[in-house]
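The active site, N6-AMP-lysine intermediate annotation in Swiss-Prot covers K87 and is backed by similarity to another entry. Residues annotated as ATP binding site in Swiss-Prot: 59-61, 86-92, R111, E159, F209, 307-309. If you look up Swiss-Prot, you'll see 450-469 marked as region 'Disordered'. Sequence annotations record features per position, and here Swiss-Prot assigns transit peptide to 1-44 based on experimental evidence.
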Amino acid sequence: MQLQRLGAPLLKRLVGGCIRQSTAPIMPCVVVSGSGVFLTPVRTYMPLPNDQSDFSPYIEIDLPSESRIQSLHKSGLAAQEWVACEKVHGTNFGIYLINQGDHEVVRFAKRSGIMDPNENFFGYHILIDEFTAQIRILNDLLKQKYGLSRVGRLVLNGELFGAKYKHPLVPKSEKWCTLPNGKKFPIAGVQIQREPFPQYSPELHFFAFDIKYSVSGAEEDFVLLGYDEFVEFSSKVPNLLYARALVRGTLDECLAFDVENFMTPLPALLGLGNYPLEGNLAEGVVIRHVRRGDPAVEKHNVSTIIKLRCSSFMELKHPGKQKELKETFIDTVRSGALRRVRGNVTVISDSMLPQVEAAANDLLLNNVSDGRLSNVLSKIGREPLLSGEVSQVDVVLMLAKDALKDFLKEVDSLVLNTTLAFRKLLITNVYFESKRLVEQKWKELMQEEAAAQSEAIPPLSPAAPTKGE
């Protein structure tokens, strides 16, 4: 928008109008120069509904400070099951189903409150029909599962994201968002994020990560579904994209995830696997206790959900924070977690991979077996192993290469046509799976080889008696 030169009376009326229409404490910026008075363009929002009693705020997720991690270890929760899911870079968004006695109303919320139906919030109206069907299906599933006659309030929280994918072979969205008042906006003009990465799709999407419900409708009666229940319900809702575990294990195993080199798998899930973007790092991950929300877990009064961001993203989002992140997380929290898991960086599960890639990943890892390890060792021979000529690292590499070689012989051509990024991921995964197996078996193998060698050496013949004996 070009700046407009304004006379004083018109300026006063416009500034006053902006203040009256917006509940956000944002004032238009007035610039005075020698050539006149200018009003800078400021985004103003439609007023929120006066009654926000149905709004249920989403919590701010904590960063993994050293003190928080220590508290989790002291409470005993750190040794229990946690999951790490991708942290999608978008804007917080909630889908509400509110029981008003004789009927149910669907409403939509941003982080600060339920929105006026005519607020243009990043083009979400284009997805309203899908959202409405999904929240109603979810409501029916909940009532059926728990034997409920009604649900007072149901909230599906997630992230609105997308509308940006700068690849020369991927066209911009041609869709338009139409508000109830008739105003129209192109999805291609939506800008949820300004950072160059991560990018997901030229179309607008929703990524669900939490479900909570209140039978009475009262805020104090809300029940937050644990992760496994969340997945159970989300998987039954048609076309719902939801948070799936990249890693499942102890808190340390989740913290050991290599967030610094994690490329977002979402474009592939959204059909853009053949059009990867170089350096398309994920923002990070969210790590949560699988029973977050359970009173038995929450009674410890410690954080049961934390977020990790890669330092490259932090530098873009908050310039100058990269050093702080390194000092407060990479050199402390994550290094401590890596020590406790003995340096094993957890391999990404196939839950966030499309069907073909997931099947290929399973097939490849199945090739890393005890039988294959025995075959590799037989090719090496006993002496090089016992003398140290062939090291444990050498065996890992030989096992990984052998598994990969046979995998390529039997795999479908579809897999050979997957993205370069996925093929690199396969190589990484087969290496770490080989490393895990060799480390698990190494001590036992070396003892067996040593015992076999001692049995193979014939006993020394008794010395011949010397003359005079």
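Here the Cβ of each residue, glycine as well, is placed from N, Cα and C on the backbone.
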- Task: Provide, as an integer number of angstrom, the distance between the C-alpha atoms of R111 (ATP binding site) and K87 (active site, N6-AMP-lysine intermediate).
- Result: 16
- Message: These are the binding-site residues: I59, I61, L308. Which one scores highest on other Cβ atoms within 10 Å?
- Response: L308
- Cβ neighbour count within 10 Å, max among the recorded positions K87, H89, R111, goes to K87
- Query: How many neighbouring Cβ atoms, not counting its own, are there within 10 Å of the Cβ of T91 (ATP binding site)?
  - Reply: 15
- Query: When you measure from the Cβ of F209 (ATP binding site), which residues in the chain that are at least 6 apart have a Cβ under 8 Å away?
  - Reply: C85, N157, G158, E159, F230, Y242, A243, V286
- Message: I need the CA-to-CA distance for I59 (ATP binding site) versus K87 (active site, N6-AMP-lysine intermediate), whole Å please.
- Response: 15
- Task: Would you kindly give the Cα-Cα distance separating the residue listed as 'active site, N6-AMP-lysine intermediate' and L308 (ATP binding site), rounded to the nearest Å?
- Result: 8
- Pairwise Cα distance for K87 (active site, N6-AMP-lysine intermediate)/I61 (ATP binding site) [Å, integer]: 11
